[in-house]
Amino acid sequence: MQDQRPEVLTVSIVFFVIATVFVALRFISRIFIVQKVALHDYLMLLAWVLDFGFSFSLFYATHKGLGLHDTDIREDQRAGLNRADYAFTVLYNPALMAVKSSILVFYLTLTQGEKVFRLANYVTLFVVNAAGLALTLVNVFQCRPVSAAVSYPFPEGAKCIDILTLYLSSSPVNIVTDLAILFLPNPILTQMRLPRKQKIILVITFSFGFFVAVVDVIRIAYIQDAATSRQIALREVHLQDTPGDDLSWYGAFSFMWSVIEVNVSVICACVPSLKPLVARLIPKLIRDTDGSSQATDLPLPAPDPPPEIPTVTGPPTARRASRSPQSASQDNKPSHSESHSSHAASARVDLSDMLTIAPEAPPDVENRTNTVTTTTSYPPSITFFDFVNMKKPANMLKLSNKESIAPIALTTILFFLWGFAYGLLAILNEQIQDILGLDVWQSFGLHAVYFGGYLVAPTFVGGVVLKRWGFKCTFITGLCIYACGTLVFWPSAVLTSYPGFIVSNFIVGSGLAVLETAANPFIALCGPLENSEIRLNISQGVQAIGSVVSQLLAKKVLFKSVTDVSTLVDVQWTYLGIALFDVLLALAFYYLPIPEASDEDLEELANRRRADNRATVAGIPVVWLTLGLGVWSQFFYVAGQEVISMSFDSYVRTVHPLSYLSPFEQLTVAHTVFAVGRFLAAFVQWFLKPRWILMLSYIGMIVFSVLCMKMTGRAAEAMALMVYLFESGVFSIIFAISLRGTGRHTKTATVLLTVAIGGGAFFPFAQYAAELAGGIRYSYCVLVALFSAGAIFPIYLNVVPAAKKQVDPVPNEHLRHPRRRSRIKANVMAREKENPSVGGVLSRRRSVVSEPLPTVQLADHTKQTSGGLMHELAPWPEQRGERAVQTD
């Protein structure tokens with residue numbers, strides 16, 4: 001008789017006992033040393049109570065036959081086994097909810113005065129409890145009627161959700177919250193002003209959550225293996241339709257790892273609270289090698305500056321306290337430390353779990369209070385407690401070509417990422433269509449909801465974050481949303497749910513839309529604006545390479561054997577890897593100094609060409625007419641791009657059925673041509689103006705789309721490839737040109753241009769309807785119509801004089817780094833900002849590499865021109881025969 005009970009019971013008991021010891025030590029530390037029990041401690045106590053019931057239900061189930069085959073379980077034990085299994089499944093999510101809520105409530109004591117971190121905490125806390133409550137209710141009502149879950153024999157006509165399927169479906173929520181809890185405190189902890197040894201100990205202490213994530217992944221692997229093995233044994237096709245037969249054997253180790261996960265979570269949640277106890281018992285472990293405590297190792301505060309000179313931005317309450325005349329009159333309270341820490345008083349008491357040894361030593365506590373660094377001792381940055389934020393990011397509008405290389409290269413990783421995601425989704429949607437038996441309309445629906453994310457996310461998420469917090473925060477937000485979307489694929493694959501795949505595609509599309517809301521303007525604005533189109537085409541070329549690489553990997557390696565539901569579930573590990581990479585990349589972006597651009601700087605740069613940007617066409621400001629037509633053109637261009645992408649397979653099958661290349665290989669060639677075309681467009685812009693290239697591209701797209709309707713055989717394939725070639729550089733040129741001159745409204749313009757990408761959602765339906773009516777070649781009349789509509793924009797740019805002058809790049813179009821001011825003013829001759837070239841970058845008067853200073857005419861050393869500082873920035877033209885001078 002095969003028996004798994006000894007292993008399951010022994011391991012589960014050991015982990016529960018260890019968790020119980022840690023909870024006991026936590027309360028010893030909190031009650032007898034810290035002498036304070038907070039809300040997170042009561043939540044941990046609740047978690048332990050639920051853990052006890054959860055673990056005991058597994059012990060009882062093992063006694064009743066869990067770990068044996070169904071044929072080896074006695075009839076009189078089956079009812080008890082069913083009751084234990086039901087209690088086990090119902091208590092799993094509440095136990096995790098209580099543990100994670102305890103951790104997140106504890107985190108709230110670390111983030112007082114930091115709105116962003118507190119908001120992230122509250123969002124995670126809401127997700128943990130909302131998802132946990134929903135999953136708990138699903139487990140409670142897993143059977144119809146509910147009593148069928150504990151009845152034996154199984155009532156006739158009753159239906160139950162398979163437990164293993166339910167566990168697999170809920171896995172993404174656990175992983176997302178585990179990662180959030182793991183990474184949330186790290187940005188704060190790594191910036192604490194502590195000695196290196198203590199900082200390392202602190203970071204390691206809070207990183208114990210990594211083990212919870214590892215255990216969760218192992219548990220998922222066991223659940224998936226159990227589900228697959230049972231499916232093979234029972235010869236079922238759909239996991240959600242399998243009965244509960246032999247669950248006691250196949251699910252035993254999965255249940256054991258669930259117990260391990262909950263108990264490891266309890267252990268890791270108790271670790272930070274044990275520091276006072278460890279400091280009392282093993283002080284050398286906490287103190288530095290020289291025996292000094294962490295409090296005395298903190299740097300001494302610098303003298304406070306005069307109150308009327310605010311040197312930094314601190315927490316609001318701290319600033320109010322520092323200005324309060326009453327704080328100085330408080331007895332026995334140092335005014336400067338009180339001014340810094342008034343907002344953090346309660347938080348420092350809770351932080352005593354980590355940052356103090358014990359409250360029994362008042363002198364040490366008083367010394368620590370007096371040695372907290374004040375915000376006025378450091379350069380301007382957001383500071384709280386002893387945390388020092390990173391230095392202020394550079395202004396992207398002031399970067400030269402050389403200085404912009406590093407941030408652009410970093411951001412280009414994001415372009416590769418969403419190109420990679422687009423390629424994976426394209427191939428996976430084809431596989432899902434075959435496995436689920438979807439028709440073409442349903443397959444187009446998956447494609448449409450992906451682009452539907454572009455219609456929603458930039459307006460309600462990307463634009464809001466970009467305008468309020470900047471490019472870095474928008475990158476991080478987009479990466480996190482994208483990671484969540486990839487993980488939602490898991491329950492969709494397990495349940496083979498078409499609505500689930502729709503949700504997954506929408507979330508992925510929304511995440512990538514938020515990324516594009518920031519990434520495209522970042523590349524266009526980071527450096528001299530005369531090279532915006534070149535930079536953006538190069539980055540978009542990397543995105544196209546990501547699409548080609550991912551499609552090859554998906555078709556030849558990752559999804560090669562995905563032919564049924566079982567193999568579809570295996571694909572989840574690919575998406576787990578992508579999600580983890582996204583999270584790590586988001587963490588890296590947090591620490592890296594990403595350049596930013598304020599609305600004021602954007603407006604100042606636009607004002608350098610005020611006359612060009614304030615011109616009107618038919619009473620409409622030329623800047624807004626250019627932007628409106630740019631959004632129009634972007635909408636129809638992306639629509640045409642997706643029409644040919646979605647129909648290319650069918651087209652080549654029809655026009656050249658005897659081709660020695662498969663449709664997938666031909667599509668790969670087309671995407672390769674598309675990628676090369678973007679780099680080619682960037683190269684050509686060294687010789688031609690962007691609006692000329694845009695006009696030629698649209699002419700090529702229209703001409704070759706018409707030829708696609710007329711030709712057959714290899715000639716037709718070549719014409720389709722030419723469409724890919726001519727459309728490759730259009731997106732970047734439209735985007736960069738449309739942003740020119742928008743000034744403080746640049747970020748709003750970015751949102752509109754990103755929303756226009758949603759045009760790819762609709763017109764594949766129109767093309768397929770035309771194909772059903774008149775054939776595939778006839779359906780390309782939709783493509784011709786779309787490109788013709790988009791061509792209005794380049795016609796406008798090349799015909800309207802005001803538009804030509806507004807969008808043509810000019811040399812040195814970027815903010816200069818401030819130079820040292822001198823009391824001796826020079827008479828700077830104004831130079832009109834115009835485009836003196838007849839072509840691209842190389843035809844302009846100045847090389848892109850060398851950037852000479854503007855012409856300066858030396859003035860009398862004792863005189864200076866009137867007008868003050870503003871006159872220096874934009875001097876008035878001198879009148880002939882007149883020297884406007886004025887002494888100091």
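Every residue, even glycine, has its Cβ placed from backbone N, Cα and C.
Unlike curated entries, TrEMBL annotations are predicted automatically.
Over in TrEMBL, the protein carries these features:
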COMPBIAS  300-309  compositional bias 'Pro residues'
COMPBIAS  310-330  compositional bias 'Low complexity'
DOMAIN    25-280  domain 'Rhodopsin'
REGION    290-343  region 'Disordered'
REGION    853-888  region 'Disordered'
TRANSMEM  12-33  transmembrane segment
TRANSMEM  42-61  transmembrane segment
TRANSMEM  122-141  transmembrane segment
TRANSMEM  200-222  transmembrane segment
TRANSMEM  249-274  transmembrane segment
TRANSMEM  405-428  transmembrane segment
TRANSMEM  473-493  transmembrane segment
TRANSMEM  573-594  transmembrane segment
TRANSMEM  615-640  transmembrane segment
TRANSMEM  660-680  transmembrane segment
TRANSMEM  751-770  transmembrane segment
TRANSMEM  776-797  transmembrane segment
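The transmembrane segment (249-274) is not in contact with the transmembrane segment (405-428), judged by fewer than 3 CB-CB distances under 8 Å for residue pairs 6 or more apart in sequence. When Cβ distances are compared across the two stretches, the transmembrane segment (405-428) makes contact with the transmembrane segment (573-594), since 3 or more pairs at least 6 residues apart fall below 8 angstroms. Across the domain 'Rhodopsin' (25-280), mean pLDDT in this model comes to 86. A contact links the transmembrane segment (776-797) to the transmembrane segment (615-640), because at least 3 Cβ pairs that are 6 or more residues apart lie under 8 A. Counting residues 6+ beyond its ends, the transmembrane segment (42-61) has Cβ neighbours under 8 Å at 8-9, 12-13, 16, 19-20, 23, 26-27, 80-81, 84-85, 87-88, 91-92, 94-95, 98-99, 101-102, 105, 255-256, 259, 262-263, 266, 269-270 in the same chain. Counting Cβ pairs under 8 Å that are 6 or more residues apart, the transmembrane segment (751-770) and the transmembrane segment (473-493) reach fewer than 3 and are not in contact. Residues 116, 168-172, 175-176, 179, 411, 414, 417-418, 421, 457, 461-462, 465-466, 500-501, 503-519, 565, 568-569, 571-572, 575-576, 578-580, 582-583, 585-586, 589-590, 594 of the same chain lie 6+ residues outside the transmembrane segment (473-493) yet bring a C-beta within less than 8 angstroms of a C-beta in it.
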